[in-house]
Amino acid sequence: MHPVLRQMRPQPRATTASAAVALSGSGEQEEPQCPTLELEEGEGIARLGAHSPERHPRVQLARDSRVAFVPRQNMFRDNSGEEAEEMRDCRFRAGRELRRGFNRERLLREEDFEPDEHSGISSARAHVSAANLVTAYEQTVTEERNFQKSFNNHVRTLIAREEVAIGLMHLWDFVEAYVHNPASKPLTAQLFLIVQHSRDNETFRDAMLNIAEPQGRWLLDLINILQSIVVQERSLSLADKVAAINYSMLSLGKFYARKIYKSPYVPIDKEVKIDSFYMRMALKVLTLSDDLGVYRNDRIHKAVSASRRRELSDKELMHSLQRALTGAGTEDESFFDMGADLRWQPSARALEAAGVASADVTGDDDDEDQYED
């Protein structure tokens, strides 16, 4: 504790001489007072009882809650627009080359921080810079690998659904018709209806609205490629379709990246970003196809639990048996159509919730008894 703060503390109450004589005359001995330590008294330079880091409560708390943390880095996507052109590509390739002969077990010592006579850079500084490049390279590879795995899982889940193939077929059919006849009012109405399903992505929505124009050509190519893989190639396995879609995304990304830079050499970070853009748009097309594929023109049947259907009477059972023996009915008759002529009666709980009078239910039961007779 600081000496000035120690003098400002109130002193403990001292025993007077008369009180000491009275205590000695009575034969009572004064018990020695143990110094009590108030740990909650003061902080900083006014703290008591913390003469070493091992006894300091805040130091111990910080040590117990300390967690090793390495900040996340991605050379391709962090600090967009703040670095020199092609610098990300150089750092990525440098980290990949340094990773091969990098000594991860090296322990820096005092003499390692002395600058070199020729280069003026200490070996410790060079080692730390190399470690930063290697760490950034490894974290970038890990994040890009996770992004690719996530894309593969999403694509595999979507193309496994039959609704996606049906919706993509109708979407491609509409796009081909609209490109050849953009002035058609019915097709324009369909276009605005389709755009309603893609309001969360402005880039995709604008490209869909301008798909008949040159600025929407890339989306038309993407839909054609996905349709040729998912709809046309029905014999391909699920893994082959995922691989074909990935190859198509890489081909499209490389083509447009070279078109942007007007050179066969494109920085790897820009090529990865363009590939990621096409991957996100491919997922958007497949998701839109899933939304459109659920709107079928098939007859929708509501499956009713067997416990909520009235059991067959003897007369109805014999009638159904006669129809089955004679082969009555059409060949397209489905399982649910077999019981279409039966009468379904809701449960008593459902009737009570709907507020139907008990007299109505009794009347229905009488009608059923007459039907059975």
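Each Cβ is built from the backbone N, Cα and C atoms, and glycine gets one as well.
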- Message: According to Swiss-Prot, region 'Disordered' applies to one of these ranges: 1-32, 289-320. Which one is it?
- Response: 1-32
- Model confidence for the region 'Interaction with packaging protein 1' (1-150), as mean pLDDT, reads 74
- Note on the structure: Note: in the chain of SER52 (phosphoserine), residues six or more apart in sequence with C-beta under 8 angstroms of its C-beta are none
